[in-house]
Structures are given as structure tokens and as C-alpha cells.
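Feature list (source: TrEMBL):
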| type | residues | note |
| --- | --- | --- |
| SIGNAL | 1-17 | signal peptide |
| ACT_SITE | Asp105 | active site, nucleophile |
| BINDING | Tyr160 | substrate binding site |
| DOMAIN | 198-300 | domain 'Pseudouridine synthase I TruA alpha/beta' |
Amino acid sequence: MPGRWLLLRAMVRGLSARATCGGGRPKRAPGVCTCVGRARGLAWPSGSSGFLPLFYLSLQRNVGSSQFKTIEDDLVSALVRSGCIPENHGEDMKKMSFQRCARTDKGVSAAGQIVSLKIWLIDDVLEKINNCLPSHIRILGLKRVTGGFSSKNKCDARTYFYMMPTFAFAHKDHDTQDETYRLSKETLERVNKLLACYKGTHNFHNFTSQKGPKDPSAKRYIMEMYCEEPFVREGMEFAVIKVKGQSFMMHQIRKMIGLVIAIVKGYAPESIMERSWGEEKVDVPKAPGLGLVLEKVHFEKYNRRFGNDGLHEPLEWTEEEEKITVFKEQHIYPTIINTEREEQSMVNWLSTLSIHDFSATSSGVQSNDLEGSDGCDDDSD
């Protein structure tokens, strides 16, 4: 019989691949994810490295599709083979109430993801599951959670970071691929001033697809957004932008960053930010997907209510922070850097900013973007 609700934490070191339109070989992207589960519940953190010959299309499993493997395919297979779930639960994930906190797909990495599910409590559960997993996927721990726990519904905030070369903030008259560029203190201050404008509740209908200005779901609450001090890797300077919000829509974070880049580079006026939250349609550029990472998921309300009730632990993975930091430094950051050098996604995208019309307005709803999700569609199942 199913046991009690648990929370498992795991480390995945595979490759999360970017989806491609019209088929073709997926591009590589790293990821670490924290997962939740129920025994009746399980949760684990997992990560993927950019240096292993294993390709994953995404975290989320697509039962019946064998073209590309996902992280969940390996996780579910290990749960079945270790005896934690019956085989028919692996075929129909609804039977084990499987739920992920946020989807990480299309090149988006993860350094902290949670999934929830029901499992049988067995002796040496972690060891047995890990023995059935490939070496690049490890479960690090487990925690008990309440009955009916859903990692998606109980999560009250998510933190993403976006790692990018700082030459993206150079003025438009500057060489678009100057690896010797270094971000000045004044420019960093301006970037943070603009990013801080996103804090609070705004109508982000211009920052996603297929949502009009009257759609209540287009309003999102951003708790913080800022750019950290830059650092140099392999002769190129990078910076990390962090954003914490209740939830994010398709393309939202990439468009938030893309608009700030357009302003700092001199393509768009600062006033466009206020205008983009209004009812008119505004042309908001979408920054490349490379560099976007789900860093952490937050269960603050759950922790306040159940974290110290004597039966459950707070859903905080502070004991794993050092391992995750090392993983980012050894795997996620290098993969982003190497991919940027090879594919020049930021350089190529910067060359398209001049064709955007930042003064155009329209009352129409944005058309569908065929490129697909940027991995931040927290509202989707």
C-alpha cells in the first residue's frame, strides 16, 4: 500500500535539450531540478550537465513518445524498477498524483525543481532508487509532506536566473561581439534601476503570447529582480539577473530582460516600460533562451503552517545549497558559456533589435509565437 507523503531531493546530471521546430536534433542545455514526491509523496532536486552524451528533451514526460527522452522518463522507470510504484502507475502518472512545480523545457536549465507523487515506503528507498538511475541522476534526500500535497499548487514563488554576456548592455554603436567589454558601475546601476521597475503587480500581456490586456491572468506579481555583480569566465564577462515572482507566463522573463537590454542599448526609451503595461500592444523583444535557469522554488506559506508542526520539515533545501552551487559552477555555467561561444545566440539576437518598432502601437491581441515555450509556463500542467 502507498505510504505517507514524502519529499525527495535528487541531483540529475543529464542534458536537457532545447526543442526544435519541425523536428531535428535538439540543442543541448544543462539543468538541475529539485523534485517532490509523495509516498504517498516524493520530492527530489535534480540537475543536468552539459558534458554527458545523454540528451533530454525536457523535464516533463510525454507518455507514448519515444523520439526524445525526458528526465521524468528515467525517474519514473527507476521508481518502477526499485519497487516504489506499481508498473501501471508508470504508464499512467495520474495514478500516482505526479505533479511538477514548474516545467523546464526548451533549453531552460534547473537548479531547484520540485515534483510530487505517491510511492510505497520501502527499506533503503533512496539507495534502491539511485541504483536504478543512470549515474547522472541522483536522489539526494526525502521529506515528509502533507496529504494532498501538490508541488505546483503549494508553491507560492519561483526564482529564476538568467546568465548573459555583459556586452549585451553595450550601446548599440559599440561592437556587438566585443569580448573585452566590461560593464561599468554606472551601466549596472541603470540596469538595476530598470529591473526594479518590474517589482509589484503589472499587466504583462505584452510579455507573453495569446493574452489580451483584459485577461486577468496576464497580471503577475514580481517580488524582486536585479542584476548581480559581473564576473569573467574564459576572458568573457558575464552577469546573472535574478527574478522572483509568484508565477511566470510563457516568454515572460525573456521578454522582461529583452526590453531592458533594448532600453540600455539605446533602441527604446525608458517610457516604453510603463506603456507596455497598458492596454496597447507593444513590440517587446524576447531575449535568447540560453542562460535561463530555474534556481529555486519557494513554499513559504506551507513552511509557516507545517514546517514546525512536529510531523513535517520545512521545504527548504539549505543543506544542499553548497552542492547546487558547485554544480552550477562546474556544469551549468560552463555549458552556457560554451554554447554561447559556439552558437553566438546573444550576438545573433542583438542584431535583430534594430528591426523592432518600439514606437508602434496596436489594439490587437498578440499573435501566437510558434517558437514555443521558454520553460517558464508555470500555469500549465
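Cβ coordinates are placed from backbone N, Cα and C, and glycine is handled just like the others.
Because TrEMBL annotations are produced automatically, they should be read as predictions rather than curated entries.
Per DSSP, the secondary structure of the domain 'Pseudouridine synthase I TruA alpha/beta' (198-300) breaks down as 25 helix, 34 strand, 44 coil. For Tyr160 (substrate binding site), the number of other Cβ atoms no farther than 10 Å from its own Cβ, over all displayed protein chains, is 29.
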